[in-house]
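Have a look at the structure below, then the notes.
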Amino acid sequence: MNALVPLPVILPLTATGLSLFIGPHLRSLHRLISITVLAAVLAVDVILLFEADRAGPLTVHLGDFAPPLGVTLVADRLSALMLTVSGAVTLIVLVYALGQDMADREDRAPLPVFHPAYLVLVAGVSCTFLAGDLVNLYVGFEIMLMASFVLLTVGGTEPRLRAGSTYTVVSLVSSLVFLAAIAVAYAAAGTVNFAQLSVRLAEVPGGVRMLIEVLLLTVFGVKAAVFPVAAWLPDSYPTAPAPITAVFAGLLTKVGVYSMIRAETLLFPGNHLSRVLMAIAFASMLVGILGAVAQTDLKRLLSFTLVSHIGFMLYGLALGSRDGIGGAIVYTAHHITVQTTLFLAAGLLEKRYGTTELTRLGGAARTAPLLAVLWFVPAMNLAGIPPLSGFIGKLGLMRAGAAEGGTYAYVLLGAVAVTSVLTLYVMAKVWNLAFWRAEPAPLPAEGVVLEDTDEDAEAPAVPPGRAGRGATPAGACVRTTVRIPRVMTSATAGAVALGLAYTVLATPLTGVADRSATELLARTPYIEAVLNP
Amino acid sequence: MTVSATLLACAVVLTSAGVVLIHTRALTRVLIGIIVCGNGINLFVLAATGRAGVPPLLYPGVSHARVTDPLPQAIILTAVVISLATTAFTLAIAYRSGQLTGSDFVPDDTEDHRVLQRTLHTRRPRPNPHARDRTTDDSLWNDILGTDPPPPRQDDDTA
């Protein structure tokens, strides 16, 4: 069973090679390869989750080097759960992207860059979740970042280049800090293997240990977009195509959260930085959600709610108790799914009406009722309305906070409540502006240029056939109505259903999360599994 | 552990120079800053080796105690390969940006600018005749209750 552990990394990378080898022809073969491989990865992830839950952490020592040497891949409950959720989400987003790809006829690009880049992204995310040492974690981050650079700037338009520049520079700088942290850790402890580090760091002087911890948390904080280092996220995500923003929002920040949980439980037990983390969580929640209140563009608004809800996971981690970390894990799984779904729904809205600017939308509940449902359910899920999984996650976190007690925990509890209410306000605002109020102007027949607010009032005569192709770059003035491909709607519906499934499967989900929190806090199962296989 | 002061001094100088360059607006300068800074950090990783020794080639007769630690070198090699790829990519972005705008300056985000303008009320965007102008009525309740937009004005298309 251990032989399955490297597959989530190896399969997508092999498929990338195949995809590049095939070249620009045989589009359907590309689609077939990508879907098959991601479905296989998801299957492997599910098996790993069951196996890790049954038998404890699974380890593979690549090249059969003895444990502290060489590269170790570890799939414990936390890794396997994150892998499973990310596997499901990446598969759904791929289907959505294929639907959009077919509709936009973007398949005349000289080089098929989407499929290889997307597969590399999946491999990078899996590599990060499975990494058993600091260097491999670094490499996983870099694989993921390289693919995300390409996906973010795909098409090479001006806004995307601007967004891509910011994102690239921030990512590169954080990678440099990561490398410095690895150097300090290696100089202090003489190893980069997590299991061995966790044993040896206990003997490292407190100041040096704190330096390593702060450096690592800074790096992971940049990836996770927590408050003082979150400004890059709302600037760079919204310009990318909808499926790409969706998968970035769902996964890339959570990879940072995962790394924080791993570092704080395995490498630096004892939760010394609890208060610092709580302060950061507090600021992330409030600053993020207040940023969302100020926005009128749907994608930017969602990016700010993303920053704010990262604070919830950080709160669970800062509590440091079994319930707190369990709550953070449940919330991470929930948030990966629901944030992706919201961005997918925003993409549908953009495709249908040509804009995500809330002041220009309206009446979508009447003109596109299915789309309204697909938006409403995940929006209420994000806000945490009782039967949905957002409520389960928030309830877990709040109970853990109340059980912990103390002024800080209660202040944070208040912040969680305020942020939830403001999230509901923001979602209600979007609902009312985009869906519920009467449409700002009569919506025309399908495929017609509705308005053109260029400075010269002369509207360019676009024949209906060309407009129907959806010539709608983000933020453009041309507004068209286009029929949404059924594949995209189905993929979004699948994502909504996955979010609802967490409610149905609440007991197994919280069970796995609690067991993995216990395992993380005990530390010995992980260390034993790696060092004494 | 013995650390070479020369390595550390070089690392500090390179990193500082790189940090200054990263704070500029032109993307090529930022890129040079990242490369210089990255080299500084690589030297820093190399300093983690400790005392220099003989090459880590374990022929018979080579004492293990005198062999230098190969792992930091392996880490640096990985980092160098990765930075090669990222450098190529950033150069491509800078070049494409030069093609499109004539310079490789990274501008401020337009949406940030717009939010700022809306907040300051210094200059409002030209009102859209078909959509409700959100800034006309600042009541939060309009957002929550979703009031209907005013009828479209016709007098705006005279230009």
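The backbone N, Cα and C atoms fix where each Cβ goes, and this holds for glycine too.
Annotation source TrEMBL lists domain 'NADH:quinone oxidoreductase/Mrp antiporter transmembrane' at A:131-422.
Remote same-chain residues near the transmembrane segment (A:6-23) are listed as 29-30, 33-34, 37-38, 40-41, 44-45, 48, 60, 62, 73, 83, 87, 112, 115-116, 119-120, 122-123, 126-127, 129-130 (criterion: CB distance under 8 Å, separation of at least six residues from the stretch ends). Summarising the annotation, TrEMBL assigns transmembrane segment to A:6-23 (among others).
Away from its own ends, the transmembrane segment (A:32-50) comes close to residues 1, 4-5, 7-8, 11-12, 14-15, 18-19, 22, 58, 75, 77, 79-81, 83-84, 86-88, 90-91, 94-95, 98, 115, 118-119, 122, 126, 512 of its chain (Cβ-Cβ under 8 Å, at least six residues beyond either end). Per TrEMBL, transmembrane segment is recorded for A:32-50 (among others).
Within its own chain, the transmembrane segment (A:78-99) is flanked in space by residues 8, 31, 34-35, 38-39, 41-42, 45-46, 48-49, 51-53, 114, 118, 121-122, 125-126, 129-130, 241-244, 246-247, 250-251, 254, 258, 261-262, 329, 332-333, 336-337, 340, 344, 347, 485-488, 490-492, 494-495, 498, 512-513, 516, 519-520, which lie at least six positions past its ends and keep a Cβ under 8 Å from the stretch. According to TrEMBL, the feature transmembrane segment maps to A:78-99 (among others).
The transmembrane segment feature in TrEMBL is assigned to A:137-155 (among others).
The transmembrane segment annotation in TrEMBL covers A:167-188 (among others). Only residues 6 or more beyond the boundaries of the transmembrane segment (A:167-188), in the same chain, are considered here, and those with a CB under 8 A from a CB of the stretch are 134-135, 138, 141-142, 145, 148-149, 152, 197, 201, 204, 208-209, 211-212, 215-216, 218-219, 222-223, 232, 236.
The transmembrane segment annotation in TrEMBL covers A:208-233 (among others). Note on the transmembrane segment (A:208-233): residues 141, 166-167, 170-171, 173-175, 177-178, 180-181, 184-185, 188, 201, 252-257, 259-260, 263-264, 267-268, 272-273, 280-281, 283-284, 287-288, 303, 306-307, 310-311, 314 of its chain, located 6 or more positions outside it, place their CB under 8 angstroms from a CB of the stretch.
Within its own chain, the transmembrane segment (A:240-261) has Cβ neighbours under 8 Å at 78-79, 82, 86, 89-90, 93-94, 96-97, 100, 118, 121, 125, 128-129, 137, 141, 144, 148, 151-152, 154-155, 160, 163, 216-217, 220-225, 233, 299, 302-303, 306, 310, 313-314, 317, 325, 328-329, 332, 335-337, 339-341, 343-344, 346-348, 350-351, 520, counting only residues six or more beyond its boundaries. The annotation transmembrane segment is assigned in TrEMBL to A:240-261 (among others).
As annotated by TrEMBL, transmembrane segment applies to A:273-294 (among others). Long-range neighbours of the transmembrane segment (A:273-294) within the same chain, counting only residues 6 or more positions beyond its ends whose Cβ lies under 8 Å from a Cβ of the stretch, are 213-214, 217, 221, 226-228, 230, 234, 264, 301-302, 304-312, 314-315, 317-320, 408-409, 411-412, 415-416, 418-419, 422-423, 425-426, 429.
The feature transmembrane segment is assigned by TrEMBL to A:301-319 (among others). Among residues of the same chain six or more beyond the transmembrane segment (A:301-319), those with a C-beta under 8 A of the stretch's C-beta atoms are 224-227, 230, 233-234, 237-238, 249, 253, 257, 260-261, 264, 271, 273-275, 277-278, 280-289, 291-292, 295, 325-329, 331-332, 335, 339, 342-343, 346, 358, 382, 393-394, 396-397, 400-401, 404, 409, 412, 415-416, 419, 423, 426, 430.
Taken from TrEMBL, the feature transmembrane segment covers A:325-349 (among others).
Look at TrEMBL and you will find A:370-388 (among others) tagged as transmembrane segment.
Non-local neighbours of the transmembrane segment (A:408-428) in the same chain are 274-275, 278, 281-282, 285-286, 288-290, 292-293, 301, 305, 308-309, 311-312, 315, 318-319, 379-380, 382-385, 394, 397-398, 401-402; each lies 6+ residues outside the stretch with a CB under 8 Å from one of its CB atoms. What TrEMBL lists as transmembrane segment is A:408-428 (among others).
Long-range Cβ contacts of the transmembrane segment (A:370-388) within its own chain (Cβ-Cβ under 8 Å, at least 6 residues beyond either end) map to 305, 309, 334-335, 338-339, 341-342, 345-346, 348-349, 352, 364, 394, 420, 423-424, 427, 430-431, 434-435, 484, 489, 492-493, 495-496, 499-500, 503.
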